[in-house]
Amino acid sequence: MKKRSKKKKTSKAPKVLLHTCCAPCTTAVYQDLKKTGFDVTGFFYNPNIHPYTEYEKRLLTMKLYAALANLKMVYVDLYDIENFFDIIFKKKDKRCLYCYILRLHKTAAYAKKHGFDCFTTTLLVSPSQKHAYIKQAARIVAKKYGVEFLYKDFRKRFSEGRHMAKHMNLYRQRYCGCIYSERDRFRPACRRGQVKHL
Ligand code: SF4
C-alpha cells in the first residue's frame, strides 16, 4: 500500500521593509510588526539629521538597538546632505513632506528591488511628525515603485516605545533632525511661537 504524502503547509511571513528614523522610534513599531506576524527588516537612510556628529550618534544608537533586539538592518550611510538641501530648499511649510518623500523614495526602491511585500516607516509612531504628509509621501513613492505601503497609526505606541528606549538606555534626541528643527526646538523665541519661519 502506498503511503499518502502529507502536504506541508508553507505559510511564509510577509516581508516588510521598515524605514527607521531612529532607534527610540523603532522599538515599539518593531515589536508591533513582529507580533502581527511580519518578517521585519529595518532600513536606515536619514540625510536629514544635522550636524554630522548628531547623525553619527543616532546611527550608532540604531546599530546598538538592532544588535540588542535582533533586528535585521540595511544601512544606506550616504549622508548626502547636498541632495537633502537641494530637495527641501525653499519648500518652506512643505519642507517635511519633501523630506519624507526623499527618505521613503529610497526605502520603496529598495523594497521593490529586493522583493519585499511592503514597506512602512517608524515616522508613523511620533505625534510630533506630520502624519498626513507621511501618508501622502508614502503613497507617492508606493505608486512610483509599485510596492505596497503598509499604513498603520502607531502613535498610540509612542509612550511605550519611549519607555523601552529609556529602559535600554538608548540615546534619545531632543529635535527631529534638520537644522531648522534644531533651531525651532532650542531658540527660545521659536519655542514660544513668537517667530514664524515659512
Ligand atoms: S523637521 Fe524633521 S521631517 Fe521636517 S524637514 Fe526637518 S528633519 Fe525632515
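Positions of Cβ are set from backbone N, Cα and C atoms, glycine also.
Because TrEMBL annotations are produced automatically, they should be read as predictions rather than curated entries.
Feature annotations, courtesy of TrEMBL:
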type     : residues                   : note
BINDING  : Cys21, Cys22, Cys96, Cys99 : [4Fe-4S] cluster binding site
DISULFID : Cys176-Cys178              : disulfide bond
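Taking the features listed in TrEMBL, we show where each one sits on the structure.
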residue: Cys21; record: [4Fe-4S] cluster binding site; contacts (Cβ under 8 Å, 6+ apart): Asn46, Arg103, Thr121, Thr122, Leu123, Ser126, Gly177
residue: Cys22; record: [4Fe-4S] cluster binding site; contacts (Cβ under 8 Å, 6+ apart): Asn46, Arg58, Thr61, Met62, Thr122, Gln173
residue: Cys96; record: [4Fe-4S] cluster binding site; contacts (Cβ under 8 Å, 6+ apart): Gln129, Lys130, Tyr133
residue: Cys99; record: [4Fe-4S] cluster binding site; contacts (Cβ under 8 Å, 6+ apart): Asn48, Phe84, Ile87, Ile88, Cys178
residue: Cys176; record: disulfide bond; contacts (Cβ under 8 Å, 6+ apart): Asn48, Ser128, Gln129, Arg185
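In this structure, Cys99, Cys178 are the recorded positions from Cys21, Cys22, Cys99, Cys178 whose C-beta falls under 6 Å of some atom of ligand 1. Cys21 ([4Fe-4S] cluster binding site) carries neither a helix nor a strand DSSP state and counts as coil. Cβ proximity to the [4Fe-4S] cluster site centre (mean Cβ of Cys21, Cys22, Cys96, Cys99, cutoff 8 Å) flags the following additional same-chain residues: Asn46, Asn48, Tyr100, Arg103, Leu123, Gln129, Cys176, Gly177.
In the shown protein chains, 20 other C-beta atoms lie within 10 A of the C-beta of Cys178 (disulfide bond).
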